[in-house]
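Feature list (source: TrEMBL):
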type	residues	note
BINDING	PRO105, HIS106, GLY107, ARG108, GLY109, LEU110, GLY111, SER112, SER113, GLY114, ALA115	ATP binding site
DOMAIN	77-160	domain 'GHMP kinase N-terminal'
DOMAIN	234-290	domain 'GHMP kinase C-terminal'
Amino acid sequence: MTATATAGAGVTPSLVGRTVHVKVPATSANLGPGFDTLGLALARYDELEVEATDAATHDIHVHGVGAGEVPLDETHLVVRAAAHAFARAGAPMPSLRIVAHNSIPHGRGLGSSGAAIVAGVMAAKGLLEGVVEFTPDELLELATELEGHPDNVAPALFGGLTIAWVTPEGPRHKKLIVHRGVSPLVLVPEHEMSTALARSLQPESVPHSDAVFNVSRSALLIAALIQSPELLLQATEDKLHQHYRAEAMPETDRLIRVLRAAGHPAVVSGAGPSILVLASDPSERADAVRLVEESADTAWQAMPLAVDFKGATVVDADR
Ligand code: HSE
């Protein structure tokens, strides 16, 4: 940390009663060829009030997505992430009162676990403001340690399009501004997909030619997203992950084929099962929605979402 905690044993007295408001965007990772590397922040949010208390236990209230499903004790992902940040700062973890209003779908490949982790880390940052300062690299490192890979937590933290990579000193990121013509559309099925299952379907090694294929497409994808959206269909081709996982999400695979055959740059969003279409204008989004309505066997929710350019925010709740 760039500064050390001044707290002694027990809850730092000045923290008790401090309340912060945290807002974290949804994210779509991979974007086709950029497995575990590229991510895009999307304008759909989880918002939380987090108060440091001196109560014996945490007091957690979840509204919206996850209500009645997620644990409400110290295993809650936001609490775990906040505790991780407090521990790294060397500051005693207070009990938390959390009121969460969630709108990021769970288990659909839209970065909900990354958002919860980022929410906890940002809550700790806000509660510890003036006591401990976290650098952007430290925030990314804390979040990546819990998430396992940086491609969702980087755009959730910093917004826009992010390239994330891992160094011996920890994960790093570069944020880029997406071309204003890019109009993301997310198509969300009713069923969930486990990231752990999706990752278990990946082979240990891939053919050299497939690696070269993805290097070319992921380099092209950066150019397409920031400068030349007309290249998005070619730039979103992938041989590293989507076809290995297709058997676990057959309808996602089939609809992506239908969309791509019609010229839409469609990819699996994160580990799936949602589909991300990186359309070049709003009318293309409407065409893609129509195509999915005609072709799908089950119900899919269409979410036209803007790119979020800001990333996660934390402010004092009374500000
Ligand atoms: N890159 C990750 C994966 C994103 O595809 O497994 C989902 O967490």
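Cβ atoms here come from the backbone N, Cα and C positions, even for glycine.
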Least Cβ-crowded entry, counting other Cβ within 10 Å, from the binding-site residues listed as PRO105, GLY107, GLY109, GLY111: GLY107
For the domain 'GHMP kinase N-terminal' (77-160), the number of residues DSSP places in helix, strand and coil: 47 helix, 8 strand, 29 coil
Nonlocal residues around SER113 (ATP binding site), in sequence order (Cβ under 8 Å, 6 or more apart): LEU77, GLU147, ASN152, THR195
Which same-chain residues, if any, lie at least 6 apart from ALA115 (ATP binding site) yet have Cβ under 8 Å of it: VAL24, PRO25, ALA26, THR27, ASP46, ILE104, ASN152, ALA156
Output field, ATP shell: CB within 8 Å of site CB centroid, site PRO105, HIS106, GLY107, ARG108, GLY109, LEU110, GLY111, SER112, SER113, GLY114, ALA115 dropped: ALA26, ILE104, GLY270
DSSP-derived helix, strand and coil totals, residue by residue, for the domain 'GHMP kinase C-terminal' (234-290): 30 helix, 8 strand, 19 coil
